[in-house]
């Protein structure tokens, strides 16, 4: 299609636009109004002394624990995925669709991150779901029945940003590596492809490591009580969808050759053979 041809012919422009979107993402996300949900729980009046008792919502009463994957480690994982994507582009077979240079690979990866980050932050502000550690983070006071700390980040539970970004980064790398591995197999001779089948299976398994690491990062958010399971599932699904979309935008699948109709094959098989 024409728009795909334009995208493929201008990798520098795409890289610059993706970087610009990543830089402008915080301001763009703030165009969505922040939803402020009421504090969870129930206030019960006491008949004995006229006071009141606040019953906390157990789902939001988890303590704040140290993150297994802090923001710095997440950024390091994403940077490693980008570096490996650029390095893998040098190993792409010259005749395969992966051999479009590191700029095209970087553009696909950067667009996946930019779109995932924008959609995640916009959804966080629109939904405004409170985190499982809301009471601990906002400095809840049992005497005043109110928060003593402005815990703005506590209203950004859905979807999980760690899950969406790690999935977008890891799955993009996995898809690119699998494309290179499959391309080398298709371009090899029949005998060479058969001999390298065990190696190909091993490389295909290793190519899934970034995706598996992304799943581990997502699982850590539930383990550390920073997100609900539904937050992690939604974030992972969002990151996976955007990564697949960006990847196939720059590296569309080549349609298989059309098969010959069955009656043509039978006619060719039953045709008389002439001897000269």
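Cβ from N, Cα, C; glycine included.
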Given ranges 29-49, 50-70, 71-91, 134-154, the stretch to which TrEMBL attaches the annotation transmembrane segment: 71-91
Transmembrane segment per TrEMBL - which of 172-191, 232-251: 232-251
Residues flagged as transmembrane segment in TrEMBL, choosing from 1-20, 201-220: 201-220
The transmembrane segment (232-251) and the transmembrane segment (71-91) contact flag, 3+ Cβ pairs under 8 angstroms: no
Cβ contacts under 8 Å made by the transmembrane segment (71-91) with residues that lie 6+ beyond its boundaries: 98-102, 104-106, 109-110, 113, 162, 165-166, 169-170, 172-173, 176-177, 180, 210, 213, 217
Close approaches to the transmembrane segment (103-123) from elsewhere in its chain (Cβ under 8 angstroms; 6 or more beyond its ends): 8, 11-12, 14-15, 18-19, 21-22, 25-26, 28-29, 32, 78, 81-82, 85-86, 88-89, 156, 158-159, 161, 164-165, 167-169, 172-173, 176, 235, 238-239, 242-243, 245-247, 249-251
Secondary structure content, the domain 'Phosphatidic acid phosphatase type 2/haloperoxidase' (104-247) (per DSSP, counts of residues): 110 helix, 4 strand, 30 coil
Integer average pLDDT (0 to 100) for the domain 'Phosphatidic acid phosphatase type 2/haloperoxidase' (104-247): 90
